[in-house]
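Have a look at the structure below, then the notes.
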Amino acid sequence: LPLLLKATLLRLANGSYRPFYNGFYYNHIMNDNGDGQDKVDYFSGARLVVETSKDPVYSYNGANVTLPCHYHYEPDLGPKRKIRIKWSKLRDDYTKEQDVLVAIGKTYMAFGDFKGRAHIRQASRHEASLVISDVRLKDDGKYRCEVIDGLEDESDVVDLWLQGIVFPYQPPRGQYRLNFHEAEQACQDQGAILANFNQLFQAWSEGLDWCNAGWLADGTVQYPIRLPRKPCGGVHLAPGIRSYGQRHRHLHHFDAFCFSSALKGEVFYLGRLAGMTLEEAKQSCQDAGAEIARVGQLYSAWKFVGLDRCNAGWLADGSVRYPIVTPRANCGPAEPGVRSFGFPSKGRFGVFCYRER
């Protein structure tokens, strides 16, 4: 955080700008230069220890989640002390931090997208847990809990993993038409975000096999292969995640791998005997107090609610799809999945609608 902000929070909590020290680690004495300046002598004493969950914390879109963090001293220093707590969200490579929240005593300040959604839970002595309400897709990631007691500064990291589904996406105009920024927008338009590598790897481990390369959130281009074959890197390569590495975010064009989580509402199907055009389908959803569903919402309903429908229906992007949980005759391949008819310019179908609960 900027020094001015730190000073402001310190003033709110203590009524002054004076730094405070834990009174145990450090002893202020005059230095040997005779210039009247203090120096800080370190001497053996209590050690500050910060601990978070070693296992990932799982949550889903729209839920409330608590990221545990506790601290203590070795040996114990007795009554609770006035310390500073800082939570940050990290990139997977630890190279950049996003400020989430800072707190001193009962005074705290949240930042950016976490304003109004994040606060500190201090239900027990030496607790510094972070509570995030209305979890969003982009909240998935690593979080650092940092405890500052005077000149002592210790931290630990906890992972927040959203339960979700990765799906490949290409726009109506065809394969490999999206630069990185267009891929980001395409996923957002479908109620999702660009997937990260961990999410793609999890999807691959659960059976995702897709031969078209797509953007990930870190600017790399990759694709998951379960069954090696000639058009997908060759038959002699082992199954795994194929990577093109970092690509130019403006000049290079690929598909996208999007990530969506559980839904707050419900997806349902509407049909007519004669079918509907896309515009008629949108109106039918509105008449039912809903909106036409997005691709990410259909995938989420298939994954988390078990939506199984052998009737093809329009979606918001102009595609026609249907979700199959239990494969059967006349409903596509022998594996479960979301089937696609592409983006038909003509034709009459049913529609999948989405309604908030």
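The backbone N, Cα and C atoms fix where each Cβ goes, glycine too.
Not measured: the values here are computed from a predicted model.
According to TrEMBL, the feature disulfide bond maps to CYS211-CYS232 (among others). Long-range Cβ neighbours of CYS232 (disulfide bond) (same chain, at least 6 residues apart, Cβ-Cβ under 8 Å): CYS211, TYR223, ILE225, ARG242.
Residue environment of CYS331 (disulfide bond) contains 15 other Cβ atoms, counted within 10 Å of its Cβ in all protein chains. Among the features that TrEMBL reports, disulfide bond is placed at CYS310-CYS331 (among others).
The domain 'Ig-like' annotation in TrEMBL covers 46-158.
Annotated domain 'Link' per TrEMBL: 165-260 (among others), in sequence order.
Sequence annotations record features per position, and here TrEMBL assigns domain 'Link' to 266-355 (among others).
CYS211 (disulfide bond) counts 14 other C-beta atoms within 10 Å of its own C-beta, drawing on all protein chains shown.
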